[in-house]
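**Student:** Quick one: structure below, then a few questions.
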Amino acid sequence: MNTLHFYTKRIFALVCLFFFGFLILIASRGPTESADAEFSSKEWINQKQNREYAKHPKFLGPMAKRPGEQLSFQPQPAPAAGIGLVPYSELDIPRNIDEEVVRRLNVHLNGIDLEKMSRKECATNTTLAKYWSDTQGRVVPQKDNWEKFYANIGSCDIYRDESQVQDLLDDLNRIPLKHVAIMEGGTQIKLIFTFENDKQAVFKPMRYGRDYETDPNHFYFGDFERHTAEIATFHLDKILGFRRAVPTAGRVVNITGELLEKAEKRLKKTFFVSPAKNQCFVGKCDYYCDTTHAICGDPDLKEGSVQMFLPDDTSVPRKHNKSPYRRTYSKKTQLAQWQTDMNYCEAKVKTKMPYAHGRSLPDFIDLHILDYLIGNQDRHHYETFNVFDDMPPYSMHLDNGRAFGKTKFDDEDILMPLKQCCVIKPSTLATLLRYYKGPKSLTETLHESLSKDAIAPVLAYKHYPAMERRLGKIMHSVLECLDDRNGPENVVMNEFHNPKVYQFPLQKHDEDEDETAPEQHPAPPADPQHPEQEHPGENQGPPGLLPKPVEGLFKPVEKPQQVANPDGHRMEESA
């Protein structure tokens with residue numbers, strides 16, 4: 001009896017062990033294919049397949065981009081000043097030097113002294129102060145770095161003295177603020193800083209970090225501006241020897257202690273504290289000034305760019321000129337004539353003033369070479385000074401906020417003026433050749449220049465290989481022009497002259513001016529001791545040359561069936 005009882009216990013234990021083991025086995029194999037568990041089973045199978053795909057090098061596992069997935073809008077990061085500044089030697093940036101291109105360029109340029117030709121580029125170089133003194137007996141004040149910069153604006157380029165410009169950049173970064181106002185017009189928030197010396201500049205706050213790239217589904221006219229783009233373009237323009245961009249510096253401001261405390265009334269009303277307990281403000285603008293697109297600090301520090309104003313155009317006139325290589329700014333008709341007709345320059349540009357004679361065409365090529373290096377697709381107008389009556393004007397390199405948006409895409413259309421017109425200045429070619437094949441690369445020189453800025457590193461380092469790659473493509477295009485035009489004498493020139501077009505005497509208004517260009521005025525400085533005076537009269541501004549915005553920020557008069565686009569661009573409403 002005891003033996004039977006013992007075996008009964010054993011059998012029961014074995015049955016229980018088998019039963020529970022079977023349950024564990026079923027559970028380990030996942031859901032069944034019953035009707036009640038069909039969804040769970042399919043989900044489990046998909047997870048298993050995803051794990052298998054993740055092992056393949058083509059797939060990135062659970063973080064892989066899914067069909068139809070769009071880029072997410074990056075949260076606003078904290079100021080990055082001084083973070084990740086790496087010596088250039090540790091970056092291992094490839095040069096992309098094509099030795100065959102170098103050899104063929106040397107063959108074409110054999111016997112050509114580019115440096116000697118460059119010295120004849122601008123026959124008369126004078127400054128604004130000297131020109132007015134000689135022609136009108138006027139005296140330009142030079143009490144501070146702003147006024148020194150204005151007084152030394154040249155007839156060949158905006159500035160020459162880089163040490164004086166560096167002093168100005170330091171002022172833009174350090175001088176305490178006296179008043180902060182909204183910059184009228186435009187699609188994106190910009191502020192006007194009035195400093196304690198009563199001089200003014202425009203502040204563009206950081207929207208997103210240096211690594212963020214433009215969504216490929218976005219048009220060039222709908223992209224957000226980057227504060228770092230203005231800073232980097234100024235430095236690139238300088239090391240290329242153009243010196244036609246406006247000084248721009250990085251600065252970290254305290255939203256509470258500097259902006260809110262010094263803000264005008266209507267700007268002050270837009271400040272708030274976010275759910276994350278960060279200080280934010282909205283401002284006033286056409287498109288992106290709402291709570292969804294608020295500018296927020298960390299918790300109250302905000303990085304941005306500070307760009308000085310050019311002199312007021314009532315004192316130093318300048319003109320707003322429509323680019324002959326302007327894009328359509330339309331969603332429907334995306335290609336302009338110049339993008340499909342390779343004879344466009346010969347037929348439509350070289351035959352018309354001001355490009356048929358003088359420095360306008362070579363200067364315009366310089367502008368597009370710069371745009372190609374920085375990836376700026378948004379070049380619809382350019383400005384020229386109209387103050388040196390008997391000297392040809394030069395194009396200024398303004399409004400570069402949408403540059404440096406893509407690192408893996410090179411828009412060859414930006415380089416169309418060079419490819420179609422086949423004109424390049426000797427100074428530009430000499431500089432590009434030096435950076436292309438010389439001991440010091442373009443991006444190494446740029447890296448050294450940018451490292452002096454207060455918010456360095458200014459650019460994400462992934463932009464450096466992109467710029468070296470684009471430089472190589474520029475040299476390929478120059479070589480093609482030299483091959484097609486039978487040598488450098490038909491390509492390399494300081495001035496272009498079309499013998500088929502009559503050359504009229506130089507006039508002040510011979511540029512292709514855009515009559516719809518909006519008039520622009522900065523906010524006059526307000527007295528912080530009398531906050532009720534938000535808009536003092538014009539005569540209460542600082543003495544000397546009053547500053548003026550450099551960008552087309554006011555919305556122009558709209559035509560029927562047209563709507564304003566970012567920064568005053570027009571686009572068909574049907575688009």
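Keep in mind that glycine also has a Cβ here, set from the backbone N, Cα and C atoms.
Note that the structure is a prediction, hence the values are computed from the model and not measured.
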**Student:** Let me know which member of Glu162, Glu258, Glu346, Glu383 TrEMBL also records as binding ATP at the site of Gln188, Lys204, Glu225, Gln307, Met308, Phe309, Leu310, Asp399.
**Tutor:** Glu383
**Student:** Among all protein chains shown, how many Cβ atoms are found within 10 Å of the Cβ of Gln188 (ATP binding site), not counting that one?
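**Tutor:** By my count, 22.
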**Student:** Within the domain 'FAM20 C-terminal' (271-485) only, compute the mean pLDDT.
**Tutor:** 94
**Student:** Quick one: largest C-alpha distance among Gln188, Lys204, Glu225, Gln307, Met308, Phe309, Leu310, Glu383, Asp399, binding ATP per the record, in angstrom?
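**Tutor:** Maximum Cα-Cα distance: 21 Å.
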**Student:** What binding-site residues in the list Gln188, Leu310, Asp399 lie within 10 angstroms of Asp378 (active site), counting C-alpha atoms?
**Tutor:** Asp399
**Student:** I need the most crowded of these recorded positions: Glu225, Asp378, Asp399. Count other C-beta atoms within 10 angstroms of each C-beta and give me the top one.
**Tutor:** Glu225
